[in-house]
Amino acid sequence: MARPWNFSAGPSALPEPVLRQAAEEMLDWHGSGMSVMEMSHRGKHFVQICDEAEQDLRDLMAIPDEYAVLFMQGGATAENAIVPMNLINHRGTGAADYVLTGQWSVKSQKEACKYGDVAVAATSGVETVLDGKQQQPWTWVPPVDSWKVRKNAAYVHFCSNETIGGVEFTDWPTPAQLGADDVPLVVDASSHFLSRPLDISGTGMVYAGAQKNAGPAGVTVVMVRRDLIGHALPICPAAFDYANVAPEHSRFNTPPTFAIYIAGLVFKWIKAQGGVPALERANIAKAELLYGYLDSTAFYRNPVHAPVRSRMNVPFILSDESLNDAFLKGADEAGLTQLKGHKSVGGMRASIYNAVPMEAVQALVSYLKDFEQRHG
Ligand SMILES: *Cc1c(COP(=O)(O)O)cnc(C)c1O
């Protein structure tokens, strides 16, 4: 059976060589006589797997030693609570600021309200005019100089790639740009982590659910500056307190061992591709091909302000929405799957993560052309 090209937003396509290697090692990992799923999380084999995954990620993202790298559970959604429980009181103020650019950052902010004094530093949830064009809510990003960060904020949170709206922060603000020098940035980078070089060193913390671009569901990668650890609220569950997880190298309690192992294979695959810069070059070429075609015709439309269009998640609408069902049916027949847009925005969405090759994007663009010829 042929595997279709998978444009799912998450869980999403994984590199085929990773899946093949996992299949080969399924019953016997490296002569251990066991599947990774059957190993003790404190035994030497899994300790090796977990430590190598951490080191490979450190190499790929040039993560400085001042940052702990943690493999946690609960997805980015649980992290929306775990972050304030760990960080909101690190300066004793119990306050945090949030930048809203779409559904994921709005969810983060709502969750944080349970744990302290939370304010909105900026929002793109309104219409605006940019480059002489009307922009709808959540199709643009508020410029850093418009963010109102309070002096007493423990951190300012933003989502660097809004997976649903397809809006990406191409440049992350530097601490100096924020005007409040000692307020660290906290970043939800779930859906573009490892797709482009990201500068961790200007942030307090970056987190990402693995299932978008880095591995299977079940593991959340957390990179957090060590000096911010150790101030968790008393209600923080022990398993989610970074001060417990960091010294145990993610093995405070049983971590998602198999998910960490697969993510580790993905990290090795990325290294073999030439690292993050090589993937970025491929991702730029894929995004240019797809956006270039969408912009060349009135039959399809992407609503996002061009400079902040996501390279990973490409939402688009058909000018005649009554063709949506026919479009999706034809796509499935052409071996292109999971193109339906998020239920809240409708239309279509193509997620073109690291593991989606240029060939898949070429097949999608041929289908877009062909469908337009038949129905335009
Ligand atoms: C998918 C996603 C989430 C939620 O991830 P879960 O693992 O389902 O909790 C949060 N933020 C962003 C940016 C996402 O893409």
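The backbone N, Cα and C atoms fix where each Cβ goes, and this holds for glycine too.
TrEMBL labels come from automatic prediction, so no person has curated them.
Residues within less than 8 Å, Cβ to Cβ, of Arg42 (L-glutamate binding site) and separated from it by at least 6 positions along the same chain comprise Arg251. Secondary structure at Arg42 (L-glutamate binding site), taken from DSSP and collapsed to helix, strand or coil, is coil. What TrEMBL records for Arg42 is L-glutamate binding site.
Under the three-state DSSP scheme, Trp104 (pyridoxal 5'-phosphate binding site) falls in the helix class. Counting only residues at least six positions away in the same chain, the Cβ atoms of Ala76, Cys159, Glu162, Thr163, Ile164, Asp188, Ser190 sit under 8 Å from the Cβ of Trp104 (pyridoxal 5'-phosphate binding site). Among the features that TrEMBL reports, pyridoxal 5'-phosphate binding site is placed at Ala76, Thr77, Trp104, Thr163, Asp188, Gln211, Asn253, Thr254.
Annotated domain 'Aminotransferase class V' per TrEMBL: 5-364, in sequence order.
Following the DSSP three-state reduction, the secondary structure of Lys212 (N6-(pyridoxal phosphate)lysine) is coil. Residues or ranges marked as N6-(pyridoxal phosphate)lysine by TrEMBL: Lys212.
Among the binding-site residues Ala76, Thr77, Trp104, Thr163, Asp188, Thr254, the residues whose Cβ sits under 6 Å from any atom of ligand 1 are Ala76, Thr77, Trp104, Thr163, Asp188. For the binding-site residues listed here (Thr77, Thr163, Asn253), the lowest count of other CB atoms within 10 A around the CB belongs to Asn253. Fewest other C-beta atoms within 10 Å: among the binding-site residues Ala76, Asp188, Gln211, Thr254, that description fits Thr254.
Long-range neighbours of Lys212 (N6-(pyridoxal phosphate)lysine) (same chain, six or more residues apart, CB within less than 8 Å of its CB): Ala9, Gly10, Ser12, Thr163, Ser190, Ser191, His192, Phe193, Met312, Ser351, Tyr353. Farthest C-alpha pair in the pyridoxal 5'-phosphate-binding residues Ala76, Thr77, Trp104, Thr163, Asp188, Gln211, Asn253, Thr254: 30 Å apart.
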